[in-house]
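According to Swiss-Prot, the features are:
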type	residues	note
BINDING	Asp37, Asp63, Val64, Asn90, Tyr156, Lys160	NAD(+) binding site
ACT_SITE	Tyr156	active site, proton acceptor
Amino acid sequence: MKDFKDKVMFITGAAHGFGQVIAEGAADRGMKLTIVDIDEPALKKTYQHILDKGAEVLMVTADVTKEASVDDAVEQAMEKFGRIDLLINNAGIALPGRIWELPTRDWEWIMHINLMSQVYAMKRVIPIMIQQKTHADILNVASIAGLVDTPGMPSYHASKFASVGMTEATAYDLQRANIDIDMHVMCPGFVQTDLYHTENHRPAQYSDPTDPYYQSEAYLKGQQFAKYVITNGKPIDTIADTVFKALEDNRFYILTHPEYNPLIEDRVKRIVTDGAPDVHIMDGIM
């Protein structure tokens, strides 16, 4: 996508972090927006920031873990704007916890928001983009955790590896069908967001505060670690420019932390040389 002015973007997870700065960056570039999030008070702030920039914007409060909610948000966007040129699936959470400790409901939550919300939006929006008969783009926000593995977060890795793989496979399908939609996957490292506030947005269907896991040392240490690495991550103020430059250049993989590239290379090397995961590769990093 070379020209953003007057194009229509649909973005999830727009109340905080990447979603907020990307949405505001889109407004700066003259785009029209549908912004979606479960956190209505915070979403209203993003909405006002975009209005202040003079952009046309629709705000939809929705739980994107539910397919019907995603369908309704897309329908509202189409009613207002009549098209979607850029879909950004950004909604996501992080839940630390080893596989034998993390409650099943947490696995269900993270897979539904980090993966299935992307599936729901793509299933609904790709047919719309095809019918438009004009160029369109889809960007799925995954993580460096979708390219390399680390200890302590198997649910997060599972969801992000799945997002990367799904995006790659969809790119093949679109190319084979000669459909003019370009796919992109963003795999950021640690960035200064409020991702460690995941618990503030937990839907009731995934909540059980009486579960002893949430008072366990493992859980509390995981929360502390998540807060530390995120608050000490890369400043977020360059993310919007990174995203839109990548879209202009039609880059498929959008990486924000080149210092992690050796970890990606090491993982591929281990795969092709019959190597095995070695926790010591994380020494000095995690």
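Every residue, even glycine, has its Cβ placed from backbone N, Cα and C.
Keep in mind it's a predicted model, so treat the numbers as computed, not measured.
Distribution of Swiss-Prot features across the structure.
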residue : record              : DSSP (3 states)
Asp37   : NAD(+) binding site : strand
Asp63   : NAD(+) binding site : coil
Asn90   : NAD(+) binding site : coil
Tyr156  : NAD(+) binding site : helix
Nonlocal residues around Lys160 (NAD(+) binding site), in sequence order (Cβ under 8 Å, 6 or more apart): Asn114, Ala142, Ser143, Ala145, Gly146, Cys187
Entry from the binding-site residues list Asp37, Val64, Tyr156 having the most other CB atoms no farther than 10 A: Asp37
Proximal but sequence-remote residues of the same chain as Asn90 (NAD(+) binding site) (Cβ under 8 Å, at least 6 apart): Ile11, Thr12, Gly13, Ala14, Phe18, Gly19, Ile22, Val141
Spatial neighbours, same chain, of Asp63 (NAD(+) binding site) - Cβ under 8 Å, 6+ residues apart: Ile38, Ser69, Pro203
